[in-house]
Amino acid sequence: MAANAGMVAGSRNRNEFVMIRPDGDAPPPAKPGKSVNGQVCQICGDTVGVSATGDVFVACNECAFPVCRPCYEYERKEGNQCCPQCKTRYKRHKGSPRVQGDEEEEDVDDLDNEFNYKHGNGKGPEWQIQRQGEDVDLSSSSRHEQHRIPRLTSGQQISGEIPDASPDRHSIRSGTSSYVDPSVPVPVRIVDPSKDLNSYGINSVDWQERVASWRNKQDKNMMQVANKYPEARGGDMEGTGSNGEDMQMVDDARLPLSRIVPIPSNQLNLYRIVIILRLIILMFFFQYRVTHPVRDAYGLWLVSVICEIWFALSWLLDQFPKWYPINRETYLDRLALRYDREGEPSQLAPIDVFVSTVDPLKEPPLITANTVLSILAVDYPVDKVSCYVSDDGSAMLTFEALSETAEFARKWVPFCKKHNIEPRAPEFYFAQKIDYLKDKIQPSFVKERRAMKREYEEFKVRINALVAKAQKVPEEGWTMADGTAWPGNNPRDHPGMIQVFLGHSGGLDTDGNELPRLVYVSREKRPGFQHHKKAGAMNALIRVSAVLTNGAYLLNVDCDHYFNSSKALREAMCFMMDPALGRKTCYVQFPQRFDGIDLHDRYANRNIVFFDINMKGLDGIQGPVYVGTGCCFNRQALYGYDPVLTEADLEPNIVVKSCCGGRKKKSKSYMDSKNRMMKRTESSAPIFNMEDIEEGIEGYEDERSVLMSQKRLEKRFGQSPIFIASTFMTQGGIPPSTNPASLLKEAIHVISCGYEDKTEWGKEIGWIYGSVTEDILTGFKMHARGWISIYCMPPRPCFKGSAPINLSDRLNQVLRWALGSVEILLSRHCPIWYGYNGRLKLLERLAYINTIVYPITSIPLIAYCVLPAICLLTNKFIIPEISNYAGMFFILLFASIFATGILELRWSGVGIEDWWRNEQFWVIGGTSAHLFAVFQGLLKVLAGIDTNFTVTSKASDEDGDFAELYVFKWTSLLIPPTTVLVINLVGMVAGISYAINSGYQSWGPLFGKLFFSIWVILHLYPFLKGLMGRQNRTPTIVIVWSILLASIFSLLWVKIDPFISPTQKAVALGQCGVNC
């Protein structure tokens, strides 16, 4: 659809489809179609053209149905070889190559065209298609993709609609290329040996000249690829002048686009040795703990041992996936040499970028606008980037803010590209406290920067005015500029909405260049339909993007995560377009980095330990987990396909070989994997037009099997022929047989609320349903199929976002993550028992198990944190009096724990402050959010009591630096950790009082108990500071609840006192008789 042509809204279920045009705008006049004597091709909409004799080209001699020569030749070679109107088989015309089934011809005046496909400007499979004013040459590589496409729709192109109806250009080569796809069979003509070979043109002078020309071209090509195998050269190739430079460029272009940078062995080997030693020490430690119970405090001892065993298992699940950490390095210059050479059409893959937002009051439109602006200004060919914004709250505020953003982008994007600034989100660029004149050499930069800053400030004022206007909702609902009622006034009951703001025919920037396509999408919502929150919105974006642009790769970001590096897409393509990695890589995950966090990162918002240690460790196994944002996907992986694995990938790993020995027969899992690969190859076979099947087209012997294949695809992907056709375009781009006029209705259809019914969406395809943390589940399903993922961590962070620095918001965020993990733990997709028939590696499975079981650690953790207070109150302890031999185990255990942590910091580069903050928040979250998540998850799964999904507030600091850090917001999550703090403080006072009253001999055991209790309080210290706030004042409600719970607990303990026997109680009360 044309940009700025108006919003499209509708519902497939209600048979509604309307176009709401901007106020005062009239429908744009249609461009006059190119024609010759009124003849326009009814397949592609191009000129029919003329024949070799100068007459109008007539493809069908029976009905003269207007078809141009390129479409005629394509139908003969790749299609059904019949006229679309009368179904008469096409005959060969002079100048066209022969295809199988053509009648024998005695005349030999056209043998060149009869036997061979011409290159360059010739007509044939590498014909030139004139489209939108430019020539595009389809190579055999792109034809190889086309012949797999189901020809489900056809029609004439409508001016002003989606222009890229041809396969995306990154699969198109220039006409001078002699590239031939080896997977495409060469046309063969059967030669009758009884005839003279000269009659076929063989051994003639022309034939010999063609053979000589072919050999010369092959020799030239061999010279170009000679540098690929340097060991095969007899000596160094001495190239001088431009020829030598060209050879060097070709050699550089064939080098890998990335490489693995291993951790230095002197760091990694010592780290592994300490892990093994720690495991051995743990075995001796538990042997001592189990065989030496505390007789007078058996309950305390038993609880402590159970907790310690669980902590050890948790450590194993967390530690071993970090066994083989790696770093990666990309080469953007090699990517440019191979796919994006200057002066040549870019061969980079098309990418669709998804931005998701729900509530503009919690996710300010200005933040979303900055994210969109950073995407539109990215360093990537504009015709290869499309930005889709999902508004799942159907807010008119988001729509109007996006309209203002599109207008400001016309000025902002050329400014960014002209002066090469970073980052390209204006709010964060102008807020940088750096020397912005560094490395700037253009005298006009200062003046233009000052003018652009003023433009941005005016843009902010307009956005703020929209936000202020949205605070008061009219009683009759919102209305658009032309007086039409806003279709999304009811966020739970509204039609689907689509608006294209930028892109083709959407206007140019201030420098006269095109901008990337910007599309607003709000999926249909109706009562009685399950919408699956963010996962459902992302799946709707997959489908609508496949219909409109169909980028080969997808990148999703949250609305508050802007592009901090304009090279982010190129960084991802260094892996996705690498011949060795791309075919088996499902996604490239980038680390999350944040702005606006306090200097000391009180609540571990940066999560450095996870992103810089755990994720690097997973990258050395099967790849990092998907974290929900900043991730570039292979579209085929989201469609549920298996990866293209090599024989080496399918071989049993070295552990299996060493344990089981060599085997002559292939393992069952190996054969199953090969069978799945074969099934995937078969599923890529062409799917044909249903109408053609019904009419009995020649060449298909089993029509029923084709029909069943079509029904299987509809059951899998839904009933959208255009979308199904797009799934076969593995290199991206719109199927050439698609009618652009039908794209609007089809886009509305695929985002309708009932489209996913009785399909595999959310089960095997797209983002997987069943958890509020759909990211973990989606990545797990891909890894279980055998895909690998890549962790890309360039020196400059590619994405930055905002994090909740307020204590209550942070705990609510952690609660949502933990609740999602509990839901997965109690589902059929639990990594403990799911996916054993797939290709998921053992250590990768351990990492996923750790990801879903960590909330359960909150139960033993909170029990262990209360134990010090109980010991101080009862004058008991969890450990008996130990000898020097037993004390050695405790010393070695603590030493191994610290050694492991220090060595991790050494090879990862993480600071000790970040490590300590992570340890502190592990206790804070474990005693609050994780504990609540366990019980809420049980209620949701077992009792069906659902909890509300709350969007984390992303409002900016407007009252000063880190003002939000000191704001207190009441939540029940604060009660458990506050209770633990009060109990430990009370226990310390009671223990010290008891030691003072009992004399000197009580101080020795007291120190161990006090150290235990102080250790708990130190971990909860950031939480205590958060309770105090800026005024060092804790809310009364928290104090009352915590003291009440602590008092009740203490009184009950004194009353029950489970460690005193009935006889001792009787003695204490003076009730003992003579038999005592």
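Every residue gets a Cβ built from N, Cα and C, even glycine.
Here is what Swiss-Prot records for this protein:
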TOPO_DOM  1-267  topological domain 'Cytoplasmic'
BINDING   CYS60, CYS63, CYS83, CYS86  Zn(2+) 2 binding site
REGION    119-179  region 'Disordered'
TOPO_DOM  289-296  topological domain 'Extracellular'
TOPO_DOM  318-851  topological domain 'Cytoplasmic'
BINDING   SER356, LYS362, GLU363, ASP392, LYS533  UDP-alpha-D-glucose binding site
BINDING   LYS534, ASP558  Mn(2+) binding site
TOPO_DOM  873-884  topological domain 'Extracellular'
TOPO_DOM  906-920  topological domain 'Cytoplasmic'
TOPO_DOM  942-971  topological domain 'Extracellular'
TOPO_DOM  993-1003  topological domain 'Cytoplasmic'
TOPO_DOM  1025-1033  topological domain 'Extracellular'
TOPO_DOM  1055-1076  topological domain 'Cytoplasmic'
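Shown on the structure are the features that Swiss-Prot records.
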| residue | record | Cβ neighbours (10 Å) |
| --- | --- | --- |
| CYS60 | Zn(2+) 2 binding site | 20 |
| CYS63 | Zn(2+) 2 binding site | 14 |
| CYS83 | Zn(2+) 2 binding site | 20 |
| CYS86 | Zn(2+) 2 binding site | 11 |
| SER356 | UDP-alpha-D-glucose binding site | 21 |
| LYS362 | UDP-alpha-D-glucose binding site | 14 |
| GLU363 | UDP-alpha-D-glucose binding site | 25 |
| ASP392 | UDP-alpha-D-glucose binding site | 23 |
| LYS533 | UDP-alpha-D-glucose binding site | 16 |
| LYS534 | Mn(2+) binding site | 22 |
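Within the chain carrying the topological domain 'Extracellular' (873-884), a Cβ under 8 angstroms from the stretch's Cβ atoms is held by residues 292-297, 300-301, 303-304, 867, 890, 986-987, 990-991, 994, 1005, 1008-1009, 1050, 1053-1054, 1057, 1059, all 6 or more beyond its ends. Taking the Cα of GLU363 (UDP-alpha-D-glucose binding site) as the reference point, the closest of the binding-site residues CYS60, CYS83, CYS86, LYS534 is LYS534. Taking Cα separation as the measure, LYS533 (UDP-alpha-D-glucose binding site) is nearest to ASP558 of the binding-site residues CYS60, CYS63, CYS83, ASP558. In terms of Cα distance, the binding-site residues that sit within 10 Å of ASP558 (Mn(2+) binding site) are SER356, chosen from CYS60, CYS63, CYS86, SER356, LYS362, ASP392. In terms of DSSP helix, strand and coil, the topological domain 'Cytoplasmic' (906-920) has 12 helix, 0 strand, 3 coil. When Cα-Cα distances from LYS362 (UDP-alpha-D-glucose binding site) are compared across the binding-site residues CYS60, CYS83, LYS534, the shortest belongs to LYS534. Across the structure, SER356 (UDP-alpha-D-glucose binding site) and CYS86 (Zn(2+) 2 binding site) place their CA atoms 48 angstrom apart. When Cβ atoms from all protein chains are considered, those within 10 Å of ASP558 (Mn(2+) binding site) total 24, not counting its own. The secondary structure of GLU363 (UDP-alpha-D-glucose binding site), as reduced to three states from DSSP, is coil rather than helix or strand. Sequence-distant neighbours of the topological domain 'Cytoplasmic' (906-920) (same chain, 6+ residues past either end, Cβ-Cβ under 8 Å): 263-264, 267-268, 271, 325, 600-604, 606-610, 612-613, 616, 1018-1022. DSSP assigns SER356 (UDP-alpha-D-glucose binding site) to a strand in the three-state reduction. Long-range neighbours of the topological domain 'Extracellular' (289-296) within the same chain, counting only residues 6 or more positions beyond its ends whose Cβ lies under 8 Å from a Cβ of the stretch, are 302, 305, 308, 876-880, 886, 1059. Checking each of the binding-site residues CYS63, CYS83, CYS86, LYS534 against ASP392 (UDP-alpha-D-glucose binding site) by C-alpha distance, the shortest gap belongs to LYS534. With respect to their backbone Cα atoms, LYS534 (Mn(2+) binding site) and CYS83 (Zn(2+) 2 binding site) stand 47 Å from each other. In the three-state DSSP reading, ASP558 (Mn(2+) binding site) counts as strand.
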